[in-house]
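Here is the structure we will look at.
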């Protein structure tokens, strides 16, 4: 039976609400007097689910009211939330009230309960048909925290304005697409991208093997994650064509999985339609990072390494020193991303945008 059988819509919040303050980009519409958006986390309470919950406790526009994982009891759930080898000890308070209730920073969170928005983070229900099972269980909207073959896909800062309230199941794309798309958008709008190849040097994820183990569908993926640099496939670059249709068919890419616990980096090697120096491209990206995409796209010209971006809430941080131009039409652009923390922030930003658009449509 799907986890969604346990879902029901939550009652609206009646008081204590105020104007929602933008968290990411001026592209995200906000409304005065909007209610807190009630959210449930569904799945195996993995990396994204736990970090979404951590981040939500710091926001005044989102309220997590329930977590659904039938395989983990309340005490272990509290332990997993409190201690994190990458992002450190949770700075708030966590109490286990009973087998079905946690108290986090004084607010109760039910383990399997009623909620309005569901974050589908199991990695299993990634298609419209499968994720729609949550709707049958009473949820009103579902956000898939992974790419989807057929659900509408959104990247905050790029195409979230095309969200329509009639869309009940959507995808927040992947962490890599969230890094690449804002960068590609800025470069393409100013200079035009004729074609490009992307490589993501990606941190280890929970689906990899700690030591060599059977992996029938992906032989290389079965090799020990801590021992190897592993070439892998990714649909992140092609997915950019879904959120930026003008780049459809112009980008593709691959991945290297590397033995680091967190933070990844995108290398976009592209041919431009309009002649420009590397300095010209840097200037345009810097402008966007300080203006229309502030909070989504970052810019650095310092001598940084991957660990410097742990806990960075932005989707993509352009590294001006790491890139290089061969000519006025061919160059390599490099951008960092915390594939856990940054992505989890965008999940909540997308939910809040959906909530505000839906509320506006009802008024």
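The first residue you see is number 1, and the count goes up from there.
The backbone N, Cα and C atoms fix where each Cβ goes, glycine too.
Remember, TrEMBL labels are computer predictions, not curated facts.
The Cβ of residue 175 (active site, nucleophile) lies under 8 Å from the Cβ of 264, 337, 339, 340, 342, 343, each on the same chain and at least six residues away in sequence. Under the heading active site, nucleophile, TrEMBL lists 175.
According to TrEMBL, the feature D-glyceraldehyde 3-phosphate binding site maps to 174, 175, 176, 205, 234, 235, 257.
The domain 'Glyceraldehyde 3-phosphate dehydrogenase NAD(P) binding' annotation in TrEMBL covers 37-175.
Annotation comment: TrEMBL describes 202 as site 'Activates thiol group during catalysis'. Non-local neighbourhood of residue 202 (site 'Activates thiol group during catalysis'): 176, 232, 234, 255, 256, 257, 258, 264, 339, each in the same chain, at least six residues away, with C-beta under 8 Å from its C-beta.
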Set of same-chain residues at least 6 away whose C-beta sits under 8 angstroms from residue 205 (D-glyceraldehyde 3-phosphate binding site):
47, 257, 339
Do you know which of the binding-site residues 174, 176, 234 has the most other C-beta atoms within 10 angstroms of its C-beta?
176
Other same-chain residues whose Cβ falls within 8 Å of the Cβ centroid of 174, 175, 176, 205, 234, 235, 257, the recorded D-glyceraldehyde 3-phosphate site, in sequence order:
200, 202, 236, 255, 264, 339
Among 235, 257, the one of these binding-site residues whose Cβ has the fewest neighbouring Cβ atoms within 10 Å:
235
